[in-house]
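K.L.:
Dumping the structure here so I can ask a few things about it.
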Amino acid sequence: LCCGYWDMAALIRGLRAGRVLRGLGSVAVQGTLSPQGSNVRRAFHRTILLQLVNDSKSDTSVPPPSYHEVHTAGESSSSSAHGESSEDAQPNTSFQDQSGEHGEDYETEEQLQARILTTALEFVPQHGWTVEAIAAGAETLGLSSASTGMFNNGAGDLVLHFVTQCNAQLAETLAEQNNKVQLGQAESKKTAEFLRDAVETRLRMLIPYIDTWPQAMSILLLPHSIPDSLKHLSTMVDDIWYYAGDRSTDVNWYTRRAALTGIYNTTELVMVQDSSPDFEETWAFLDNRIKDVVNMANTAKEVQATGESMVQGLMGAAITLKNITGMNQRR
Amino acid sequence: MQRAAQCALRLDISRAFCPSSARNCRAVNRVNGSVSSRRYSVLPPPRDEEEKAMLDSMLRVDHAGEYGANRIYAGQMAVLGRTQTGPLIQHMWDQEKMHLERFNEILGEHRVRPTLLLPLWNIAGFALGACTALLGKEGAMACTVAVEESISEHYNSQIRTLMEADPERYTELLQLIKEFRDDEIEHHDTGLEHDAESVPGYFLLKTAIQAGCKAAIYISQRI
């Protein structure tokens, strides 16, 4: 174990390339015990990031990933690796008090990724939906641009993160509105109006990134992003219908969601090439599509009612026939 | 006012104790946000995506089962409604209607997706009920016996799954399923009492219907 750490430190100082990092991390920890393996690997990630930051003499405040590492990283960079190996008693390097909970500064890898991606969104207008934007975001947080290695799908991760964020915001807004209506503080909207407002709210979140959004849409359509993007789209549409009051448990469940998905996708496409002030044409298009769907629903209801009365008429004829032929007697 | 505070509190708590995966957070928050305003509900708030998926598929197939049973009785009534067995079938049908209504409520409340094949079960159930009723009262009773046996076996396996997982967590759901299973067993026994076994080809008919039910259960859990 100690030998592995020493080799790591030497290699890191020699090679500053970001791409080698991941390979190193996986090579070095092959000798570690498996239960602590993932913890140690994450600790390595952060130590490495911190080392590179210290090496490049950046003075920006570094988010302390764990109490233990802050201690060791506070010393000079050359001794931090030694400090790591000499204080090697506990392979789990995050500080835990007696209750087993992590200190307040502890951050999971997913939370760190989320933070990097959120910061990276600011650079999207400049760099587009690319790994460069993520690297710029990471550097703003004081981390090395090598941390883009954390993201397997690169730009796909950035776009999906943005979509997730927008959907969560939409769900929150809808839930708040729902609360207000339930408390009687607001009027409940008609379904068509509700759908229109919900889709508009969600599409307005794209406005800051509208110039680069076609690129994002194409990224979402890549084969390995499709499962995730479809899932996000379907949960968003389900959320909107749920808060619109849909509690159907028959085929309507599917037809309504399919209709709304169609409306959303087509309106998104219109929005991307809309150059009118404040996207007026997009909202007009949305209005018309929703009117279409409402009309179709009304027509369907009428057809069903007609069908039912026809069936009743036929049943009446059948009963009359049965009466005439004498088949309608109690046996 | 209190409900809003409760809603906010629920959301905060669920965020604080959220498992580290962001996706799990969202799944839990979605359902918690919508369920928190109702004080009593049959399902516990799901703690992660896996549990939600398991409960979803269980409720989906149960809902499909009750819907199918409804349509079977409707088919039987269409043929035998005016005979002496009419009132008996009507009584069993009414109980199934109650079950279906209960499941409709649960599905709507917990945002469970109903199975896509409902129109298929609609037609197939009605056809099965009508065809077996055309074999006479014994045929209808044989169909009832076969279907109710399948359904109660299915409910029993669900009860076993829930008990093995965590009986305390699913107390209300277990109670509900047990109640419905008892009703189905009652229907099964009623069918036997009314000469189900005297239909010609009873064994063949019963086996065929039960095979169909098993296939329907398998498919509805997934689609």
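Cβ atoms are placed via backbone N, Cα and C, with glycine included.
Keep in mind it's a predicted model, so treat the numbers as computed, not measured.
Found this in TrEMBL, in case it helps:
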BINDING   B:GLU66, B:GLU96, B:HIS99, B:GLU184  Fe cation 1 binding site
BINDING   B:GLU96, B:GLU148, B:GLU184, B:HIS187  Fe cation 2 binding site
K.L.:
Minimum Cβ neighbour count within 10 Å among the binding-site residues B:GLU66, B:GLU148: which residue?
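P.N.:
Comparing Cβ neighbour counts within 10 Å for the binding-site residues B:GLU66, B:GLU148 gives B:GLU66.
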K.L.:
Can you tell me how far the Cα of B:GLU96 (Fe cation 1 binding site) sits from the Cα of B:HIS187 (Fe cation 2 binding site), in Å?
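P.N.:
So the alpha carbons of B:GLU96 (Fe cation 1 binding site) and B:HIS187 (Fe cation 2 binding site) sit roughly 10 Å from each other.
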K.L.:
Taking 8 Å from the centroid of the Cβ atoms of B:GLU66, B:GLU96, B:HIS99, B:GLU184 as the cut-off, which other residues in that chain fall inside it around the Fe cation 1 site?
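P.N.:
Here the non-site neighbours turn out to be B:GLY65, B:ALA69, B:ASN70, B:GLN95, B:MET98, B:LEU100, B:ILE151, B:PHE180, B:ASP183.
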K.L.:
For B:HIS187 (Fe cation 2 binding site), what is the secondary structure by DSSP, using just helix, strand and coil?
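P.N.:
DSSP assigns B:HIS187 (Fe cation 2 binding site) to helix.
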K.L.:
Suppose the Fe cation 2 site is B:GLU96, B:GLU148, B:GLU184, B:HIS187. Which further residues of the same chain have a Cβ inside 8 angstroms of that site's Cβ centroid?
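P.N.:
So the extra residues in range turn out to be B:ALA69, B:MET92, B:GLN95, B:THR144, B:VAL147, B:ILE151, B:SER152, B:ASP183, B:ILE185, B:GLU186, B:HIS188.
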